Amino acid sequence: MEFSVKSGSPEKQRSACVVVGVFEPRRLSPVAEQLDKISDGYISSLLRRGDLEGKPGQMLLLHQVPGVLSERVLLVGCGKERELDERQYKQIINKTITTLNETGSMEAVCFLTELHVKGRDTYWKVRQAVETTKAGLYNFDQFKTNKAEPRRPLRKLVFNVPTRRELTIGEKAIAHGLAVAKGVRVCRDVANMPPNVCNPAYLASQARRLADSFDNITTKVIGEQEMAELGMNSYLAVARGSENEAMMAIIEYKGNADAKPIVLVGKGLTFDSGGISIKPAEGMDEMKYDMGGAASVLGTMHALAQLQLPINVIGVLAGCENMPGGNAYRPGDILTSMSGQTIEVLNTDAEGRLVLCDALTYVDRYDPETVIDVATLTGACIIALGHHTTGLLANHNPLAHELLNASEQAGDRAWRLPLFDEYQEQLESPFADMANIGGRPAGTITAAAFLSRFTKKYNWAHLDIAGTAWKSGKDKGSTGRPVPLLTQFLLNRAGVDIEEKE
């Protein structure tokens, strides 16, 4: 798919299709008015006849409109003009792309990026249009023998911007949008892989593949023998029940020789049966998505490398599998973590934190500027925030605010939960330094409280993506989140700010 920006009048476009908006009730957008004028009222007469009301997502495809050079005109319902917000804008773009892809229009000029979206500028509208387009056209069909493909799919999309001085902004928005979209695709492809393919070794191979693709990325992989030498006994305990060896991939991106690195740590449970504390059979197939954190770190590192940002970032993919084998760890076991702290296992299905605690201890050797871990950690986060919002907890207020700001900019929302000392009391154990669960109340917070005991030497944030990493039902599959949030955070850290864009 090829993207570009231009600035011009709709009536002068020679294209397979021109896309313009119509507001409710039957009100032409300024661009649609220009086409109506050149066609001697042809479009407005159709609206008066009741062919299109302008409700959000309504579509009307016109052929051979008088006076218009393009073969087709696609009228897109945008709802009430004053109520057009970012969520509705993305829904409209998605519906538009689906329609274009099915009409045989292999190229189109889209004027929807000229619509006024509350609180958003041209950069945001173009970038979101690119990201939404790529996400909408995504299809994971690698294991299907009969692949359904459009006969004449959309190949080229041009976004129109109001003035020529905004062309540079639009080009930057496309570059950023394509990088984020590629990162999202990498994340979704890896996460959607079946667990008989995507095991810890496969996850590590994808990290090596990334290093082969970019000169400023290197990857090393730590196996179980080296983990044992490092004292990563908590991580290794989770892996004991599986025939698949645990592997931790460390991806290093160097864009600034002098800066301390930002470290991203992704939970990579390529399949989580729950172990001895086994999960119910219903829905267990979706536990292949328990490596969504690692997949999102991999995708973010790809986006970062494509953007060539002048910062240093280390991505850690903590690959592992939690299975109920004869050598599996048990409820009641006491583990000595890499940090030296001891952990009483009360539930083997609270395994992600046992993997992450050793990974978070390991990354201290890089003297990090900031550490962010990403994990499908707790079902409690779904109860608290549902499937729309990622949970955020942090030991450093400025970092939390940075991430919240990036989440709003990227349209990949997060919400902060508290991390008060009182929650630590729920982790007390009579036999070890801590238990690996704190009971049902505040499950997301106590999981983060557990991790906070291993992150005292640096600024740290935790993203719980249990509710946002994948969808169930008819739209089942990885969402690619929070790649947009993390990439935006890195763009901001690299100094690519709003002033530069404007």
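Any Cβ shown, glycine's included, is placed from N, Cα and C.
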Original post:
Hey, Swiss-Prot has Mn(2+) 2 bound by LYS267, ASP272, ASP290. Any idea which of GLU224, GLU344, GLU351 it lists too?
Top reply: GLU351
**OP:** Might you list, by sequence position, any residue in that chain lying six or more from LYS267 (Mn(2+) 2 binding site) with a Cβ less than 8 Å away from its Cβ?
**Re:** ASP290, MET291, GLY292, GLY293, ALA294, ALA318, GLY352, VAL355, LEU356, ASP373, VAL374, ALA375, THR376, LEU377
Original post:
Which chain neighbours of the Mn(2+) 2 site, leaving out LYS267, ASP272, ASP290, GLU351, have a Cβ atom within 8 Å of the mean position of the site's Cβ atoms?
Top reply: VAL238, GLY268, LEU269, MET287, MET291, CYS320, ASN322, GLY352, VAL355, ALA375, THR376
Subject >> Neighbours of ASP272, ASP349, GLU351 excl. site residues, C-beta within 8 Å of centre, Mn(2+) 1 >> reply: VAL238, LEU269, SER273, GLY274, GLY275, SER277, LYS279, MET287, ASP290, ASN322, THR348, ALA350, GLY352
Subject >> Pairwise Cα distance for GLU351 (Mn(2+) 2 binding site)/LYS279 (active site) [Å, integer] >> reply: 12
**OP:** Specify the count of other C-beta atoms within 10 Å of the C-beta of ASP272 (Mn(2+) 2 binding site).
**Re:** 26
